[in-house]
Structure formats: structure tokens, C-alpha cells
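J.: Copying in the features that TrEMBL gives for the protein in this structure:
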type	residues	note
ACT_SITE	Asp437	active site
ACT_SITE	Glu573	active site
BINDING	Thr662	Ca(2+) binding site
COMPBIAS	147-158	compositional bias 'Basic and acidic residues'
COMPBIAS	199-216	compositional bias 'Basic and acidic residues'
REGION	110-158	region 'Disordered'
REGION	183-217	region 'Disordered'
TRANSMEM	56-76	transmembrane segment
Amino acid sequence: MYSGAAAAAGPPRRDFISVTLGPEEAVGVGGYNNSKAWRRRSCWRKWKQLSRLQRSVILFLFAFLAVCGVISYTSMGEAWKSITNKSLDEQRTEQEIPGLKLANPAVLPAPQKADANHGDYPELSLQKPPKPPHVRRGPSNLQIKAPRRDTRPKTRHDTIRAVEELVEADKVEKTEKSIISWRGAVIEPDQSTEPPSTKIKEPEKPSSVEAEDQKEPVPINERQLAVIEAFRHAWKGYKDFAWGHDELKPLSKSYSEWFGLGLTLIDALDTMWILGLKEEFEEARKWVANDLVFDKNVDVNLFESTIRILGGLLSTYHLSGDSLFLEKAKDIGNRLMPAFKTPSKIPYSDVNIGRGTAHPPRWTSDSTVAEVTSIQLEFRELSRLTGDEKFQKAVDEVMKHVHTLSGKNDGLVPMFINTNSGQFTHLGVYTLGARADSYYEYLLKQWIQGGKKENELLEDYMRAIEGVKKHLLQRSEPKKLTFVGELAHGHFSAKMDHLVCFLPGTLALGAHNGLAADHMKLAEALIETCYQMYAQVETGLSPEIVHFNLHAQKGHKDVEIKPADRHNLLRPETVESLFYMYRFTGNKKYQDWGWEILQNFNRYTRVPTGGYTSINNVQNPSNPEPRDKMESFFLGETLKYMFLLFSDDIDLINLDKYVFNTEAHPLPIWVPA
Ligand code: DMJ
């Protein structure tokens, strides 16, 4: 090999390297002499004979090999460590229940832990998620394999770290814009990464169910069997009287239509998969294949159809690996896109999926904050699966915009946002209930979905929880239950929607993912309150809204119910939070509370001819006044969370691998490849 520079300078210099290895070389020079001294001399002579360039190249090669060696040694060490840890886990499990091994080895790549970058911030660390103390087994037909992840932010560094002391967020923000602090955690926006929207390069491969023969038979316990029985009873009513329609009216043995898209059937698909109801699932699949048509001149609510239909189809696709569901998800996803064609890019509430037009409600150009900020998990996942970034771009833009908006109160958001101006409207009212609830839930869940890299989401979430603590938390009398009230123009109201009971589960999920430990404490206090919203009521079922007593009064309980609020719609939020609490603590009281609730649903809402019904009066056990409607979320969420709550299998929708959308449809966490 000739060096061009040497050739130009004068007579050609031989700058090539010729290395001959092996004994032949030594034999050729003067016979075989293998003494150490001879070898040393011979090597040195050879070395001296080499040109400077040749020596440099050899030295460089040695240096390069040394670096490679160090790197591969480190990564082998990591791999060895994880193998060792796994076997320790298995040993521990064996000790807890002799004879049982971890039934389901992880099938997804381990999600990047928030504390994965300790090396970057050696002085601080995230709290380690507590290891659930119970043993896990899941239905044999449910081994879920998450897809390979192509879409991820550029930087691999997680940017939160636990700190010992509370630093006031506002104070820090004033002094140094780059650090936002709160109790227990610090974010450094300069480490921030782009959200994954711009990283979509190729479509995601379909995920698939792991081969059946890799699984051990899984015992289903008595309580899970009771959930299966309840599901079958509900399904019977739907099948007999409402097949292919949106909702069952179990008393009149008929149905109601909302969008005319078989809402209950789609919402229930992944529940059937999780419960192992193969026959029912196959029957429903046939309906999806042959009868589900989105090319219809019908107005649908963007939020409701996203969380129930798009979310339901996506999660069923992930669980079953059946591309039919992805095709349908793409179809509905595309048809919902016109909603984002607004002056502000804040989507309209309603879309005509046949005509491709969208509009706000007739009486206003406002959209609901929870609605426009709780469609992100689904659209982001659709982008990842299809490789088409338009879905994610649209919803990320909404989040970015809301992040910058004024009108928040310590992270708490108003309930409405205008689609023309993009500004919050009806300022001054703050709630964690209807119209705002899932905004908070999706801040955390998007952060988790994206691999804990999108700092603005975490920042908004942490700030909001501080806002909740500061403005909305109170204690009731006589039991001193911690509850989340509402704030209207500076006045505190002791009103709490049942919807707010999603919060303990979300807080626990955040704590599990390394956020402040006091979030878990708050979760424990709030789930007790949510349980009391059932336990203190005559039927043992919670009303839609309660008012807490702030002052002790003789003969009064903590919970007061107004006549207009005493209905129960078979909602999931408390059971949902019980599920998270049990998963993360292993405390069986949460299972027992859920069991009580299931029995009371059976006692007061079950319709003998099939189905369950919402009721109008949770305070009247002798006549709870059935409403004649079974909401789709009873099958999509309530019974699913019940089944998961009663399970001791953390791999039955492993929360380090999946994140539930707000309609209980599990979507994979994007794991670095
Ligand atoms: C569901 O559609 C979702 O959970 C949503 O986030 C809130 N309302 C119902 C259940 O109560």
C-alpha cells in the first residue's frame, strides 16, 4: 500500500505492512531456536526493521484491540450480573412457595430502568421499585411478546435522580431555568431528549404470542374463576340481545347505539384474551373481520373512540399477534385524523369517520382538556407500528402546546381548551375528576411508554402532583380519610368524583418507576379513601360523586351523597387502583377489598337473564333502581382489572413491559433495542 504523501515527496517509500505469523518464519531465518532470549531479540530486530508508519499502524491496532477488550469485558459483566440476578429471583420464588418456579420468564427485553444511568449521576439514585413479595403465574395462553422497538429518543440518558430534600420548584425555576425540582426528584432539561416522533423510520414488526409449549399450565384461583363467570354472564347478555351493537340494555333485552361500532365487543376483546376465553374471542374476532366497518357516515367522539376502539384494537393486536386488529386500528386511526385540522392543532371533539370532517360540539368551540391529552398513548403506538409518524406528530404537538400554556395552577389544568385560540378557557376551576382526570394519568404513562426520556411530561406530572398536594388534599372526619377535592376560584370543595380513584394507581405506578416515595404513601392513603367510598355506602358500591365531611358531626360518616350523585355506572377506577396497589405491595387486603366489590356488583347490578346494569341508587339495597345499561368499560376495564387484581402472576401483563391506556388496554413500553 503506497502513501500518496510519500510518493509526492520523492522516491517511493515502501509503506506496506507484511506480517507473517507462524513458525515458518523463524525456521526460514536460521533454524528453529525457541529460546526466550532469541525470541525477544528476533522480535526486537523485526520491530526495528519496520518503517515508522508500520509501527504506528501496529501500535494503533494494539490500542484499538485493548479498548475493544475493555468494552466487551464490561458488557459481559453486565450480562453475567443479570443472569445471576435472575437465578436469585428464581431461588427466592422457590423459597416462598416450594416447588414453584417463576412460571413465565420475561419475554420482552427489559425496559430501561430509570436508574440505568447511575454512572452519569453517581451521587444520586432513583428509588428502586420494591419487589412484589408474591409468586406469579399466569394463564397458559397468555405469553405476550412485545415488539422490537425502533422508535426512541436519541439520548439514552435518563434524566431524573432522587434527592433527599425538597427544593421548591418555583424557586429553582426562577434561579435556574434548567432545573425543575420537586420533592424527591430532579429533572435536568438540558439532558432532555426529543420525543420519539421524529424517530420513526420503519414500521414496527407485529408482536406475537409466544409458543404455547413454552408455558407451564397456570392455575386460576377461585376469585379469578368468579371473574370469568361474571364476564361470561355479561357476555351472554351482550351476545343474546346486543350483538354487534354498542351497549347492552340488559333489562329491556336490547341495545343502545353511540357510534354504531360494536363498542362493547371491541372494548372486551383483550379482556377475553387475558381471561383465556378463546371461544368467545374467536367469535368476536369473526365479527371484527366480517362486520366491523368504519366507512360510515357517523360522528364519533375522538377521545372515546381512541381509548376504546383504537386502544382496544392495538392491545388485542399485541396480545394475539393477529394482523387483522392492526389493519382495523390503522383504518380507524386514519379516519380520526381530521380532528386535528383546527386553527390551533388542538383537536375537535367529534369526527365524522365516513366523511372525514370534524367539528366541536354544537354549543362551543372548546374541547375538554382530558380528552385532547388522553389520546397520545394510542396514536403514538400506531405510529410506531405503522412507521407513519403523522399520528404521533399530531398528538405530540398537543402535549407540547399544553406544556407551554399559562392558566395552570401549580401544574393543575383547567377543564377546557379552545380549538381556535389554543388557550385554556373557564379558568380557575381545578379538579382531578371529570374533564381533567386522564390528563394527569397520561403525563406519567406517556413518559413510561417512551422509555422515561421525555422530560416535559415528567416535569408536568411531578408539578401537578405537587399542585394536588398543595391545593386539593384534605382530610375528612371522623375517619380522617385523605381525599382529593376541587378548587373553584380559590374556594375548596370537598367533592370527589369516583373517577378520581384512578389516582392512587397512577401514583403507585410512578413510585414503582422511581418517582418520589411520598407518592406511594399518598397512593396508600387515597386507595383507603376510595375503598371507603364503597364500604360506607348501604350497597357497598360507590356513588358517582361523594362529598366528604370536613367537620365531625354526631352520627355522620365521612362520606355524604347528594341525591343527584348516587348512581353507579359499574366504573373501574377503584378496582384499577387496587390492582396496582396489590401488584406493587403484595398486600392481600387490596385483593379482599376488590373481592367485596365484585360480590356487591353481583348482588346489586347483575341481571338474571344476562348482563350487568348501572344503578341509580347505591343507598337503597332493596331497590338500587337499575338503569338498564351496561357500559362497555365494565367488560373492557372493571372485570379485567378484577381478574388481574386476583392474579399472583406479575407476568400477566407485566407492568415493566406494558402500560395500560385509560380504558385498560395494555400497550407495550418502548424498550431500547
Ligand atoms: C372510561 O372510559 C375510562 O376509564 C375513562 O378514562 C374514564 N371513564 C371511563 C370509566 O369510568
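Including glycine, each Cβ sits where the backbone N, Cα and C put it.
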J.: Any idea what the Cα distance is from Thr662 (Ca(2+) binding site) over to Asp437 (active site), rounded to a whole Å?
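T.: Answer for this pair: 10 Å between alpha carbons.
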J.: For Glu573 (active site), which DSSP three-state class applies?
T.: helix
J.: Across all chains shown, how many C-beta atoms besides its own are within 10 angstroms of the C-beta of Glu573 (active site)?
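T.: Result for Glu573 (active site): 24 neighbouring Cβ atoms inside 10 Å.
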J.: Long-range same-chain neighbours of Asp437 (active site), Cβ under 8 Å, sequence gap at least 6?
T.: Ala370, Thr431, Asp497, Leu499, Val500, Phe502
J.: In DSSP terms, helix, strand or coil for Thr662 (Ca(2+) binding site)?
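T.: DSSP call for Thr662 (Ca(2+) binding site): coil, neither helix nor strand.
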J.: Please work out the number of neighbouring Cβ atoms within 10 Å of the Cβ of the residue listed as 'Ca(2+) binding site', leaving out its own Cβ.
T.: 27
J.: Going by DSSP, is Asp437 (active site) part of a helix, a strand, or coil?
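T.: Reduced to three states, the DSSP call for Asp437 (active site) is helix.
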